[in-house]
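Per TrEMBL, the features are as follows:
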TRANSMEM  6-22  transmembrane segment
TRANSMEM  43-62  transmembrane segment
TRANSMEM  74-96  transmembrane segment
TRANSMEM  128-150  transmembrane segment
TRANSMEM  170-189  transmembrane segment
TRANSMEM  201-219  transmembrane segment
TRANSMEM  285-306  transmembrane segment
TRANSMEM  318-338  transmembrane segment
TRANSMEM  344-369  transmembrane segment
TRANSMEM  390-406  transmembrane segment
TRANSMEM  412-429  transmembrane segment
Amino acid sequence: MELFYYMVFGFLGAVVATVELSKGNKDRINTPQAFNSFKNNYLLVYSLMMAGDWLQGPYVYYLYSQYGYGKGEIGQLFIAGFGSSMLFGTIVGSLADKQGRKRACVTYCITYILSCITKHSPQYKVLMLGRVLGGIATSLLFSAFESWLVAEHFKRGFDQQWLSLTFSKAIFLGNGLIAILAGLFGNLLVDSMNLGPVAPFDAAACFLAIGMAIILSSWTENYGDPSENKDLLTQFKGAAVAIASDEKIALLGAIQSLFEGSMYTFVFLWTPALSPNEEEIPHGFIFATFMLASMLGSSIASRLMSQSSTKVESYMQIVFVVSAASLLLPIVTTLFVAPSKVKGGSISFSGCIQLLGFCTFESCVGIFWPSIMKMRSQYIPEEARSTIMNFFRIPLNIFVCIVLYNVNAFPITVMFGMCSIFLFVASILQRRLLVIADKSKSEDWTAMKEKDTEAEPLNVA
């Protein structure tokens, strides 16, 4: 492994350590023991859930190829996963609001465990069933847990600002540290212990089972809409009306879809971008480097959100612009750096530049997750939180399915350019959200002032 990879990884590790250790009292929020216990319980569960997810990711494609399936069939399996998330995601989200978020989290564990079990079969239909189950589980992972947390947080009377602590720590651990450890553990199981490509899926099922036991023993149930008379169609209509009638919610959904769509496209594109001539690159180590960059982003987000004077809506505009610029690097290097014509070998000079840009993008991803979580907690109504959050994922999944289906139809530079445009549009929409949010607060303050003025004569009397 080349020195360059170690240097990038070491630099990011040093910066993460510096940011974390340099946090002063002004960057920390003093919280009571009751909240700390609640937060730590959620972080433990969330980390186990993410461990179950991250252990599978690096080995899904590899497992299918080991079973003898080609690129086209594997692509169909991946499309089935995103398609099921799109088709069934809103349904399971609505059921979570109505039947209970704790039940939905347990359902996630059961569904994903069953998906892991299907990986033992080389039969295409069984693997397809596993992808469908995995798609449903993914919808629950990105909606039910956050919905349970937000509802439980306010039900217990905790301060709204403390939510940012849980969000940033969850991303720091679940999307950073746990991802790195899961990658190393999976590598240990498959390569060092020679247990085969199914071993990470068995390990994932074990982590999910442990997390489910903690949920069943320590979590209380909470619901969205308490009405017993609303069926799923009524819930869908209510969520659609909420999105259509409130521009802030619609903007938030568009921003989320644009960013996550670009992010998932990046997941498919970074390997061919760094090895256009079949260069030998350490995929696992680069993945760990990306996750370390994501940890840096979540550390920065934690510091930003701990300051009451800093608005999430304001700094996210800059984050989207930086992320758009970072994904332009493959186009820039293609135009200004002479391409290598040598097959194989180590990473090229343009690949090194792109890797630095991709680490910058992953840092933006680390800032994005806790920040979007905080904005969702502010703008999405509690009674239909899971339903609306899964509505947001419909255009995302459509977009990813289209990209997967046409991944070979366009040059890689065109795909990165498209992602960069989407991210720039997200920054414009974020600016609009900031303006509307400030206007709403100003109108609320004016209304309160007028109400106080009208009440003054009564106080004088």
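Glycine is no exception: its Cβ is also placed from the backbone N, Cα and C atoms.
Just so you know, TrEMBL annotations never went through curation; they're auto-generated.
Counting residues 6+ beyond its ends, the transmembrane segment (390-406) has Cβ neighbours under 8 Å at 75, 78-79, 82-83, 85-86, 89-90, 92-94, 139, 142-143, 239-240, 243, 252-253, 256-257, 260-261, 264-265, 268, 415 in the same chain. Scored on C-beta pairs under 8 angstroms, the neighbour of the transmembrane segment (285-306) with the top count among 6-22, 128-150, 170-189, 344-369 is 344-369. Beyond the ends of the transmembrane segment (344-369), by six or more residues, the same chain brings 2, 4, 8, 12, 167, 171-172, 175-176, 259, 263, 266, 270, 273-275, 277-281, 286, 289-291, 293-301, 304, 316, 319-320, 322-323, 326-327, 329-330, 333-334, 337 to within a C-beta distance below 8 angstroms of the stretch. The stretch in closest packing with the transmembrane segment (74-96), judged by the count of Cβ pairs under 8 Å and taken from 6-22, 43-62, 128-150, 170-189, is 128-150.
Below 8 A, the CB atoms of the transmembrane segment (170-189) and the transmembrane segment (43-62) form 3+ pairs separated by six or more positions in the chain.
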